[in-house]
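Student: Structure below; questions to follow.
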Amino acid sequence: MMQSGIPLCNSCGESVGLGSNDEVFIACHECNFPMCENCVHYEIKEGRKVCLRCGIPYAAATSLVNPTADGVEKDVTVNHSTMAHHVESYQDVGVHARSISNFSALESESNAESGNPIWKNRVESWKEKKNKKKVISKREQEPQIPVEQQMEEKQPMEDVQMLSKTIPIPSNKITPYRIVIIARLIILGLFFHYRVTNPVDSAFGLWLTSIICEIWFAVSWVLDQFPKWSPVNRVTYTDRLSARFEKENEPCQLAPVDFFVSTVDPLKEPPLITANTVLSILAVDYPVEKVSCYVSDDGSAMLTFESLVETAEFARKWVPFCKKYAIEPRAPEFYFSQKIDYLKDKVQPSFVKERRAMKRDYEEYKVRVNALVAKAQKTPDEGWTMQDGTSWPGNNPRDHPGMIQVFLGHSGAHDIDGNELPRLVYVSREKRPGYQHHKKAGAMNALVRVSAVLTNAPYILNLDCDHYVNNSEAVREGMCFMMDPQVGKSVCYIQFPQRFDGIDRSDRYANRNVVFFDVNMRGLDGIQGPVYVGTGTMFNRQALYGYGPPSLPSLPKSSSSCSWCCCCRSKKPSKDASEMYRDSKREDLDAAIFNLREIENYDEHDRSLLISQMSFEKTFGLSTVFIESTMMEYGGVADSANPSTLITEAIHVIGCGYEQKTEWGKEIGWIYGSVTEDILTGFKMHCRGWRSIYCMPLRPAFKGSAPINLSDRLHQVLRWALGSVEIFLSRHCPLWYGWGGGRLKLLQRLAYINTILYPFTSLPLIAYCSLPAICLLTGKFIIPTLSNIASIWFLGLFTSIILTSVLELRWSGVSIEDLWRNEQFWVIGGVSAHLFAVFQGFLKMLAGVDTNFTVTAKAGDDADFGELYMFKWTTLLIPPTTLLVVNLVGVVAGFSNALNSGYEAWGPLFGKVFFAFWVILHLYPFLKGLMGRQNRTPTIVVLWSVLLASVFSLVWVKVDPFLSKSTTITNNCISIDC
């Protein structure tokens, strides 16, 4: 305890004490830094003669040395520089605090927890240790130095062959594309100048509505178009990867990877589909000891667990068969259903016999899994019971303990040839009433912690349960970027395009989303990288922990004068409120970013002290094993971990209360706050300065299933749009979040803004699609009689739109059919799912009305596309059906009016009817979906749509808001009764 008025020593924690003149001892007369006399003499004895805070020589040091000697002056200068650098490094390591006063928080924790000078003395010694490591012999370094650093030391960087290559789009394709974009932007400006300066007085309301809608569409086009300004292609060299990291007679140096597979409801996500995904992962072309597969069962279903038991047993036969004969794809359901010549390129005589036997084994395996599914259709009253007679712990999916089961792996069963298999881990996190579990994002964060405790691979590859590995070399493709010493250091994730099976040939509802994956994503790859789309993504684990890229320049820190206790005098003028706010914003982006380059050189005692000193528990939670794993940039299980207690520790980190009062879901891991956690998570990484890479192998890396039914497809789009609205209404909105750091490039920000604003386009789109019917019913039009100059602007606009699309197809390779399907579903989704998403998002914010996340049903074998023609009632069908009916009625009314009015009415009718047919053509796939296979629209849809159309028409006739109020009587009255 300190005496009254006497401060504590900032080094040893004891009282500063009194000096020789019976007054409080002052080590530094410049800043009054509290340090006792013994600690000052110890510092001077060790060669550190300047104040830790201000860098001015201690008063005791000046009395012990001759300040006029050249050598001493030089020594003081050097020490001042050293200590200034030390203070800066100390701030970098301690940037964990959220406020500007980083140092005061760390300092108090140091005094409270350590209470001795060890921490202060070791801070200086860490730098010395780092320098000593450079003189250790090369042979002693090799087991400790990361692979990438070894390759850099062995040969100069210019002599190292790149593992990947960026190929820009040829100038003869991209230059005309950019010229047309600029021309279209100029024409848009001239077009709007004409539209605004030439109002339609007879239909002012219609004209004003159309102007507002067109301006919104133009802004949306800019947000969508300019992120595609500099698209790129990439090529990987997997042969170079193998030559560099898989040398003969040497241990394999490829980095380990942890696969994450998430599932919730086995009745909506068939276990056989999940099992095929798992089997394709276990059979990837990658060293088995480097692969681990974690399956998250967020529904705690015994059906999922039992199907994994059967899958692990079948994998003992399937994996060696795939690797022996180089099978593609390595998901048995899709391999055996291929309608190709499976004997092509097969030269081993035993292949046919073994394939036939393997197909029989797979069919028997399917029967066993289907039997489990049939048994699970009805839950027993007493709940499920395991084979040993004990009750299944997950009988209540909302109240159950955490469960982990490890299959296969080094200590598990081997394949039928006696070889080791990749590790397979079943995980079901703990759930209790009263806790927020955060759906898929929470499940993924639980997998991050479990995998860090058990295997801690430096890279993570997450897949949805219905996305199987279609290319067995997909991991190697990703590693060509991650393990490249020049490229990988700044990469947070590799995004692979999504490809789908089981979609109808015409792709009626744009399920393949080709325009997004082959055009937009390649455009973003030329800026700061593609957005994260939720599956088929290889992560750098350190990026998920909130660390910044190693190449990231440090952000300016707040001045040291405000970082220490308030009793000291400030050497620099205090900042005004705006500067403090700006600095706090910049440091907010640096949340949970620590100096890994320093940490990796500490010994075990230094690490434990650093963990205590920096209070990592406040960020990562109360698990020393997990916290130590976060410091291991190149992966591996923590040295301090006890193998016998790893499962117990893994159970601990998936507890439902583990994330409380931590940064999980706020700054680290998958980010909470939106049902589209993928967009939010990738956005946070890009804001920290990371970049992502888009990898498009010739053979698609992964394939999945998509809902081909109209209602299911609309519900899927509704969920995506709702997530975008939630992000727009959150603190992470790209319109205002992350500007302080300056790490998110402008075009990348435009892409994210477009991602969260597109649902709001539904409002002007609904209004714009209603205008043709209104114009036909009232005889009004939104455009005045065109002059010659106006005709040029309209013609130029339509020409530029067509040229933009044609040139985009030219450099991207997308077909015109895919582009047209994308345009059609943009309208269908815009007037239905996006509209509902906007209202649901605002209801959730204003009234707290939450919307339940509906798992999209995963289809099994659907060769005849039966789901395509199945009708499922949903309120999402009403708005587009109403628009169809109203526009069809408007076309009929327009032709009737033209027939009655004579020849003069046919000219204006052409523009109105063209406008109406534009709407009808875009909604045509929706109309086909309503008709079904029998070309019959369900009665309920017809009734609702006719009712709404009739009410709308009657109200319009009654109100007619766009009719001119002043009418001129032109008839001359002759009769006296007039």
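Residue 1 is the first one shown; counting continues down the chain.
Just so it is clear, glycine is given a Cβ too, placed from its N, Cα and C backbone atoms.
The domain 'Cellulose synthase RING-type zinc finger' annotation in TrEMBL covers 7-62. Here TrEMBL flags Ser262, Lys268, Glu269, Asp298, Lys439 as UDP-alpha-D-glucose binding site. The active site feature in TrEMBL is assigned to Asp298, Asp678. What TrEMBL lists as Mn(2+) binding site is Lys440, Asp464. The transmembrane segment annotation in TrEMBL covers 756-777, 789-812, 824-843, 876-899, 905-927, 939-957.
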Student: At the level of the C-alpha atoms, what whole-angstrom distance separates Lys439 (UDP-alpha-D-glucose binding site) and Asp678 (active site)?
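Tutor: Distance (Cα to Cα, whole Å): 12 Å.
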Student: Which bits of the chain, at least 6 residues beyond where the transmembrane segment (905-927) starts or stops, bring a Cβ under 8 A of a Cβ in it?
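Tutor: Long-range Cβ neighbours of the transmembrane segment (905-927): 508-509, 710, 769, 771-773, 775-776, 781, 783, 821, 823-825, 827-828, 831, 880-881, 883-884, 887-888, 890-891, 894-895, 897-898.
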Student: Since the record lists Lys439, Lys440 as binding-site residues, which of them has the fewest other Cβ atoms within 10 Å of its Cβ?
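Tutor: Fewest other Cβ atoms within 10 Å, among the binding-site residues Lys439, Lys440, is found for Lys439.
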Student: Looking at the recorded positions Lys440, Asp464, Asp678, whose Cα is closest in space to that of Glu269 (UDP-alpha-D-glucose binding site)?
Tutor: Asp464
Student: Note down the number of other Cβ atoms within 10 Å of the Cβ of Asp464 (Mn(2+) binding site), including every protein chain shown.
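Tutor: So the number of other Cβ atoms within 10 Å of Asp464 (Mn(2+) binding site) is 24.
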Student: Max CA to CA distance in Å over the UDP-alpha-D-glucose-binding set Ser262, Lys268, Glu269, Asp298, Lys439?
Tutor: 16
Student: From the recorded positions Lys440, Asp464, Asp678, pick the residue whose C-alpha lies nearest to the C-alpha of Lys268 (UDP-alpha-D-glucose binding site).
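Tutor: That would be Asp464, nearest by Cα distance.
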Student: Would you kindly give the Cα-Cα distance separating Asp678 (active site) and Ser262 (UDP-alpha-D-glucose binding site), rounded to the nearest Å?
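Tutor: About 14 Å separates the two Cα atoms.
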Student: Just jot down the residues in the same chain as Asp298 (UDP-alpha-D-glucose binding site), at least 6 apart in sequence, with C-beta under 8 A of its C-beta; none if empty.
Tutor: Ser262, Thr263, Val264, Ser428, Arg429, Lys439, Lys440, Ala443
Student: Residues with Cβ closer than 8 Å to the Cβ of Asp678 (active site), same chain and 6+ apart in sequence?
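Tutor: Non-local contacts for Asp678 (active site): Val531, Tyr532, Val533, Gly534, Trp670.
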Student: Can you check how the pLDDT averages out over the domain 'Cellulose synthase RING-type zinc finger' (7-62)?
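Tutor: Over the domain 'Cellulose synthase RING-type zinc finger' (7-62), the predicted model scores a mean pLDDT of 71.
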